[in-house]
Amino acid sequence: MLAGVNLLIAVGAIIMILGFLGCCGAVKESRCMLMLFFIALLLILILQVTGGVLGAVYKPQVEAVFNLTLSESVHALQSTTGEYKEYREEFQKLEKKYQCCGLQNGPEDWGENFNKQKDICQCELEKTSDLCINYKNTSRYIYKKSCGEVIMQQIKDNLVIIMGIAFGLAVVEV
């Protein structure tokens, strides 16, 4: 997760330096600086288009990496220590908002925590419906679908928009 943040900081710094190079080149009317600015912008454009094409072509691999990330996050849900307490609380809010349970395997993703806290995956409906199921013939009703499915569906629904914005920016940059 920190790698993504560091990458964004690095990209921002590079773009700032490029902007400064372009401004200095324009003010001083330096062909060399303006040519470096143009080449750098062209490289960024090529990288954006390449990234968009690779994202479209390798969509199944992206889904596989996403599922691997979900599997690793299950450990945080199952943790009984206070180390991941905030993560579990925020995840419960996500479950209520999107009416889902667990990351991949529903209540099993919560491990021992599921039985300790009665409000985990708690469905607001008190009967079986399209959203809820009765958990192991108890008086507890939980959400049917996993949050991993919901997150993946959100990504798929918005992927076209994200790619459209990326390609739109690439066109504007040209």
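Counting starts with 1 at the first residue shown.
Including glycine, each Cβ sits where the backbone N, Cα and C put it.
Quantities reported herein were computed from a predicted structural model and do not represent experimental measurements.
As given in TrEMBL:
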- 77-104: coiled coil (COILED)
- Cys100-Cys132: disulfide bond (DISULFID)
- Cys101-Cys121: disulfide bond (DISULFID)
- 6-27: transmembrane segment (TRANSMEM)
- 34-58: transmembrane segment (TRANSMEM)
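Among residues of the same chain six or more beyond the transmembrane segment (6-27), those with a C-beta under 8 A of the stretch's C-beta atoms are 33-34, 36-37, 40-41, 44.
Around the Cβ of Cys101 (disulfide bond), the number of neighbouring Cβ atoms within 10 Å comes to 27. Taking the C-alpha positions, the distance from Cys132 (disulfide bond) to Cys121 (disulfide bond) comes to 10 Å. Within the same chain, residues at least six positions away from Cys121 (disulfide bond) with a Cβ under 8 Å of its Cβ are Glu95, Cys101, Gly102, Gly106, Pro107, Trp110, Phe114, Tyr135, Ile142, Tyr143. Through the fold, the coiled coil (77-104) approaches residues 67, 70-71, 110-113, 119-121, 123, 131, 142-150 of its own chain, all at least 6 residues removed from its boundaries and within a Cβ separation under 8 Å.
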